[in-house]
Amino acid sequence: MFSFGFLITAVVFWVVTKVIYNAYFHPLRRFPGPFLNRATRLAYIYQVLGGKIHHSVLAMHQKYGDIVRLAPDELSFSHPDAWEHIMGHKKADQEEMGKAPWFYRTFKYEALSIVNEDRKPHARLRRPMSHGFSEQSLRDQGPVIRGYVDLFCQRLREASAKSQLVVLSDWLSYVAFDIVGDLSFGEPFGCLKEGKEDEWLTSMANLGTTGVIFQCLGFFPWIKEPLVMIFAKTMRKYRDAHLSSSTEKMRRRIEFNGERPDFIQGLLQKREQLNLRLEDLVSNAQLFIGAGAESTATLLMGVAYLLLKHDRVYEKLSDEIHSAFKNVDEITLTSVGQLPYLNACINETLRYYSPACNGLPRMVPKGGGYILGEYVPENTTVAVHHWALYHREKYFADPDSFRPERFLGDLEFANDQLKALQPFHVGPRNCLGRTLVYGETRLIFVLLIFHFHLRLAEESQNWMEQRHWLMWEKSPLMVHLTPREAVLC
């Protein structure tokens, strides 16, 4: 009994001492934030697991300013210049702020890819891979992308013939995954053809909550490691099922006799020089699917909802599209880039409903560094949280309203800090897929609005009331879909 009481006393003493140290003696003590966040990592974990940390971070920045202490060893920066300071290019003698291992390497057995490799291996992979994401490659990929978008329109026409009430979110997800699947593995997932998700994709619905739980457990390895051991067999079975399917797809892509304008071509050409194993190719292709297709599908759903939620915006965009194109043959990946209001709608969606939403954390290197003029000690986790920054009135007028005009020089938004919007990030690790995402999104919405009249269903009026973990928790987006007369898909 004495030993148990002594143990409890010791634990309580340690916890109280740790809390006092974190709040009042830690190297980050001068940075403001709520007491519980400054004192313990548990407050942050509670906010993350609740799926509403983007609201919490915004509230903190509104109260405390551009720099907030989210946890004892973590800072959030909410300022347009913070992007470059954290993620930007460094001088030759400067060490970059590397990606936080607890966020990017959740499991020890994970294969490394361009997203979680260290600086030098990342650059080694990125150079040959970047060719597949260039403007020229996008033009070469045009027929492939157009084929899937035309099939998307055809399947919507068939679906609307059965019922004008269509689950548009499903079809937007199908077209996004089929396009990226083809450009990653050389073949689609067959979602559009079958009218349903591939099993490989269905399991991604659990990725957000499962992934964020294990990320949070990473702060408590004495809990995480036993759990990983307990569930190792189940997790390995889940992983191997995906790996087997992906590996077979990659084998077929490698055996393809000829060049394709896809994401993998550059790596295949440099495979021997870079000493790339089959699993390295598979890991990067899976990344394109997991990150690229999911975020693109999220953007597509966001654009659709926000357009249909705002009749004025939808009608103005519809007028722009029908004024620009008289027949479907005029619609190409190149021509859809010349629509200023459409571009503004996409940018405003990226601001209002950022697919990334929260921060992608970096680590301050040895010797510390300066961010927004403030010295930050080494081993501090730092990040810019997209949603919170984009919804601050300090940088965007009327931030909680969907106003594409802010990207068209409207005087009402003359003081907006548009450089704060960095959905694809900055620096040597910025997202390669920017050109593809914009091109694909433009083409899909021009053809969708050219072929159909859309109206938001009553049951989806509050669709954007969502929680966010690694991805948004999206409910079905229901839309009334009516084919336009005399338009053939």
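Note: Cβ is positioned from N, Cα and C throughout, glycine not excepted.
Quick look at what Swiss-Prot lists:
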- 1-21: transmembrane segment (TRANSMEM)
- 212-232: transmembrane segment (TRANSMEM)
- 287-307: transmembrane segment (TRANSMEM)
- Asn347: N-linked glycosylation site (CARBOHYD)
- Asn379: N-linked glycosylation site (CARBOHYD)
- Cys431: heme binding site (BINDING)
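Summarising the environment of Asn379 (N-linked glycosylation site), the number of other Cβ atoms within 10 Å of its Cβ, over all protein chains shown, is 12. Straight-line distance linking the Cα atoms of Asn347 (N-linked glycosylation site) and the residue listed as 'heme binding site', rounded to a whole number, equals 16 Å. All protein chains considered, the CB of Asn347 (N-linked glycosylation site) has 18 other CB atoms within 10 Å. According to DSSP, Asn347 (N-linked glycosylation site) sits within a helical segment. Tertiary proximity for the transmembrane segment (287-307) is limited to same-chain residues at least six positions away from its ends with a CB under 8 Å from its CB atoms, namely 113-115, 168-169, 172-173, 175-177, 179-181, 183-184, 200-201, 204, 207, 263, 313-314, 317, 345-346, 348-350, 352-353, 355-356, 402, 433, 436-437, 440-441, 444-445, 454, 456, 460, 463-464, 471-472, 474, 477, 479. If you take the Cα of the residue listed as 'heme binding site' and the Cα of Asn379 (N-linked glycosylation site), they are about 24 angstrom apart, rounded to a whole number. Taking the Cβ of Cys431 (heme binding site) as centre and 10 Å as the limit, one finds 19 other Cβ atoms among all the protein chains shown. In the three-state DSSP assignment, the secondary structure recorded for Asn379 (N-linked glycosylation site) is coil.
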